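Database features (TrEMBL):
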- 108-289: domain 'Mucolipin extracytosolic' (DOMAIN)
- 391-527: domain 'Polycystin cation channel PKD1/PKD2' (DOMAIN)
- 302-322: transmembrane segment (TRANSMEM)
- 360-381: transmembrane segment (TRANSMEM)
- 393-411: transmembrane segment (TRANSMEM)
- 431-453: transmembrane segment (TRANSMEM)
- 499-520: transmembrane segment (TRANSMEM)
Amino acid sequence: MAELLLLVMKTSDLQRTFGCLLSMEESEPLLAAAAQPRRVIGHAAWSGPFPESTVVEDFRRRLKYYFMNPCQKYRARGRKPWKLMLQILKIAIITVQLVSFGLSNEMMVTFKEENLMTFRHLFLKGYKDNWQGSHAIYSQADLYDHIYYLISRYSHLQNLTVGNLAYERVGGTFTPLTVCKVLYRKSNVDPGNDTFDIDPHVEKGLSVWKIFFQVPSNLFTHTNFYLDFKRLLSVNVYLTLKTVNLQTVRHHELPDCYDFHITIIFDNRAHSGKIKVDVKNQVRIYECRDWNVEGNSGKIDYLLVLFDAVVIVACFTSLILCSRSVIKGIQLQFEFSRFYHTFYNKVVSLSDRLEFVNGWYILIIASDVLTMAGSVMKIGIQTKFQSNYDICSILLGTATMLSWVGVIRYLGFFKKYNILILTLRAAFPNVIRFCCCVAMIYLGYCFCGWIVLGPYHDKFRTMAKVTECLFSLINGDDMYATFLKTRDNCYMVWLFSRLYLYSFISLFIYMVLSLFIALITDTYETIKHHQKDKESVSQLHIFIAECRDQPESGKYQTDVEPSTCCVSPCGCYG
């Protein structure tokens, strides 16, 4: 009698949960199902009964429909796979957009690099293309000669250059070339007596030498120029030149105007007798003030802007559709959690909850956001409002990469491809844990190599170079050259370098990489075994497997929402 009363109480709880008033005839199947022993599917068993009611079957059918692929959903309800078609269209247009922008970006970067090389040849005395290492000078006379040579070449630039270089003019006046000395405030060094007296504070701009141009003769005047080499840290020469990038005309793009803010640095901070010479260049790209291209009305530029606008609209539509699907999945996950807790008095596991969060949709959303941001920046570049090519290329490149990676989701609808995707997803947590452990060993080798071999080996000079060098060694690249460059060092460093390199290569190639491959192989075999035996590995899959309705059965034509039988908000689970 007590058991019957308990079953009646469970039935009342179900009525309150769904917000529906079940009749006695409708309650009898629930009581009969509750009295039956628990049902076992595969290797897992429910801790409670399976109430075979209409509401339960409808909810199970909803879950099965949610996890169908677009082709199955089309057979079930005749709903066309709009998201799939939109993703295919989006991948095509953003790839075309990326290729178009990539060509423009390549021309811009090439133009900047070639002009930088031109400045080195024009203003650095004795500069050669195949110069090994940095350009340097070693005597006081050479430094004076380089500075006077630079000034002379700059003043006669129009007669020397083969490009379209010109001086900057502000308010009708040429921008002057400026020579700035950077010195210690006080420095009295006598190595012969092993004494020195120095004030390390730096004086900047106290000795400035400016060259003013007289139109049209381009004559310049200068005062006596003297350098105190015991106090000298560096000599910086600043100049500004202007030019126009005409090569874009051949690709039906309007040429841009460029301002090159050039800094030539004579670096004597080490006071080692070697003054390093370097040329740095900052570029400002802007729209030319007055232009005329025969046969070009700017129509092509407007078409490119229109195409970018189409890309933004397509990505925004994809963002809305994918966001809606993610939200519906999260809502369905909460419904299933409440349903599972109500019927079986258990909490849904985290892995089952994550099944409702479609990572591919999140990947597509990230791609859409990056594409829209990059397209807006691209429109700004084409309309000359801004010229940040680097950030735009990063946004568009990353977005295109994510879009193409998202294609793997649709390959997963085929069984032979799906096993690879499942292997990557299942192995990812273990791979991350494995990499965290290996990273500790790797960082230890990086710090050790930087400290010991850094002063003697170019590839270990900085931490960034060390990590790159060791990663190359793991992949078997450039091994002999790394060993070769440590031959001429002192015996202790040479011996240590051999022990260091041999131990690192043996440990990471023969052990770490083998364990890494074994980790992924083991996951692949596990997934393959589960697919062969068709075992349901989670309670969610077991629950969905109870629905035997095929997509073509016609039972998916209507979607019964729980809210249709809801009397109060407290009684709804959906």
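Placed from the backbone N, Cα and C atoms, the Cβ positions cover glycine too.
Simply put, out of 360-381, 393-411, 431-453, 499-520, 360-381 has the most Cβ pairs sitting under 8 Å from the transmembrane segment (302-322).
Same-chain neighbours of the transmembrane segment (360-381): 87, 94, 97, 101, 104, 305, 308-309, 311-312, 315-316, 318-319, 322-323, 325-326, 329, 387-389, 391-392, 395-396, 398-400, 402-403, 405-406, 408-409, counting only residues six or more beyond its ends whose CB sits under 8 Å from a CB of the stretch. Using DSSP to sort the residues of the domain 'Polycystin cation channel PKD1/PKD2' (391-527) gives these counts of helix, strand and coil: 118 helix, 0 strand, 19 coil.
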